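Colleague: Structure provided below as structure tokens; questions to follow.
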Ligand code: UDX
């Protein structure tokens, strides 16, 4: 099939490359010339395991192209909307201007035939109700365009795998049966490989499909804040939240995933999505339904202050002039994404409190140096920990999880390790002479 993907950020670029991998002819459109030049040359503009190979293969096969010229989307049979919906500055809601622009571009440049409509599939995370508005706009455009909402659930670090082998596919279809069937047929053709592999398919109306995405992210955020709340209880009582999570996770109804307590969630999706969801609930007059998400957000942000306070206590009450080595600055491992990173927020707070920081990260060092020239970002972990009063793991990169405690013991000024992600073995570090501090991990002989 001929496919256009509008918006070549994280979601769009990965989606475009994966659609080419499935054998489709794909053109990715974006206004950012630098990004498009890189993608067109087969060079990934961000760090994502496995993406480089899929991108390169697509570009070399001739099935995958990238452009800033909207006229290039004219003959596509499906247009995917994959632009960003970032949080509005100073407000909870989502900025929908990129979606509106993508819709205008499609109306202007798509060339559907009169017989068969052209499908537009929305992937961006949008406030519920958006799909109907876009569909109405298409109806009034005089062009034979049909909209489906087809949310995407990819995680950074697993984006290629999640796109090619999703847990489920969701189609949000219009209430008009003929249009809905037409949309379903085109999507089935597009995702034929996945459907043949028996990927579960959920077909619903527009609002359900829009809500699925924010509901899933809200649930995940709630799970993380729940376990972080339990970490506070563990801190107050001497319990160990990692054991607690393991024990409750054996219950199938709860499950073991997303129960890792620590410095909380961040990134380009969970925080902004729960806030936009609350804002939308307010507009719909059902804000009470989501007041619990306010608490989820608050618990999450409190984790960052908790980590700063812990560091302060560990180094003797005042951070001023104390040397802190921060290991990991991205919002999670296997990405160079710094958006709403709890690690960066904590580092900024430590810095503001006068700490002498040294930060290392396997993927985001250069980005951080560029963005925050005021922060010190040494090349090596050894340099960062030298003379440190405390070492803090804030992102659980494999290199840090596997770190041999004896290898850096003699470099630090004081052997204090703060495990912001609860990924280290406290006994191993204590046995090597370190003072271990976790997030809700009381000292236990068991
Ligand atoms: C998330 C959703 O998982 C994905 O389905 C959606 O499409 C986009 O948003 P992503 O932002 O890539 O994906 O990251 P995710 O793996 O969900 O992690 C989000 C944050 O939660 C990270 O900061 C991570 O460190 C944190 N987290 C995750 C925890 O603190 N504890 C956990 O147990 C799990």
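Here the Cβ of each residue, glycine as well, is placed from N, Cα and C on the backbone.
The following feature annotations were taken from TrEMBL:
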ACT_SITE  269  active site, nucleophile
BINDING   30, 35, 85, 125, 156, 272, 339  NAD(+) binding site
BINDING   153, 154, 155, 156, 213, 258, 259, 260, 261, 262, 266, 332  substrate binding site
DOMAIN    325-426  domain 'UDP-glucose/GDP-mannose dehydrogenase C-terminal'
Colleague: Relative to the Cα of residue 153 (substrate binding site), which of the binding-site residues 30, 85, 339 has the closest Cα?
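Modeller: Answer for the nearest of the binding-site residues: 85.
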Colleague: Listed binding-site residues are 30, 125, 259, 339; which of them have CA atoms within 10 A of the CA of the residue listed as 'active site, nucleophile'?
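Modeller: Cα within 10 Å of the residue listed as 'active site, nucleophile': 125, 339.
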Colleague: For residue 35 (NAD(+) binding site), what residues in its own chain, 6 or more apart in sequence, show a Cβ-Cβ distance under 8 Å?
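Modeller: Listed in sequence order: 8, 9, 13, 45.
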Colleague: Averaging the per-residue pLDDT over the domain 'UDP-glucose/GDP-mannose dehydrogenase C-terminal' (325-426), what integer do you get?
Modeller: 97
Colleague: Please give me the binding-site residues out of 155, 259, 261 that lie within 10 Å of residue 339 (NAD(+) binding site), comparing Cα atoms only.
Modeller: none
Colleague: So for the residue listed as 'active site, nucleophile', how many other CB atoms are inside 10 Å of its CB?
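Modeller: Result for the residue listed as 'active site, nucleophile': 24 other Cβ atoms within 10 Å.
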Colleague: Under 8 Å Cβ-Cβ from residue 155 (substrate binding site), six or more apart in the same chain: what's there?
Modeller: 162
Colleague: Rounded to a whole angstrom, what is the C-alpha distance between residue 266 (substrate binding site) and residue 272 (NAD(+) binding site)?
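Modeller: Per the Cα atoms, residue 266 (substrate binding site) and residue 272 (NAD(+) binding site) stand 9 Å apart.
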Colleague: How long is the line from the C-alpha of residue 261 (substrate binding site) to the C-alpha of residue 30 (NAD(+) binding site), rounded to the nearest angstrom?
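Modeller: Roughly 38 Å, rounded to the nearest whole number.
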Colleague: Which whole-number value in Å describes the distance between the Cα atoms of residue 213 (substrate binding site) and residue 272 (NAD(+) binding site)?
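Modeller: A Cα-Cα distance of 13 Å.
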Colleague: Counting other Cβ atoms within 10 Å of each residue's Cβ, which of the binding-site residues 259, 261 comes out lowest?
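Modeller: Lowest Cβ count within 10 Å among the binding-site residues (259, 261) is 259.
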Colleague: Near ligand 1, which of the binding-site residues 153, 155, 156, 261, 266 are found, taking a Cβ distance under 6 A to any of its atoms?
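Modeller: Listed by sequence, the hits are 153, 155, 156, 266.
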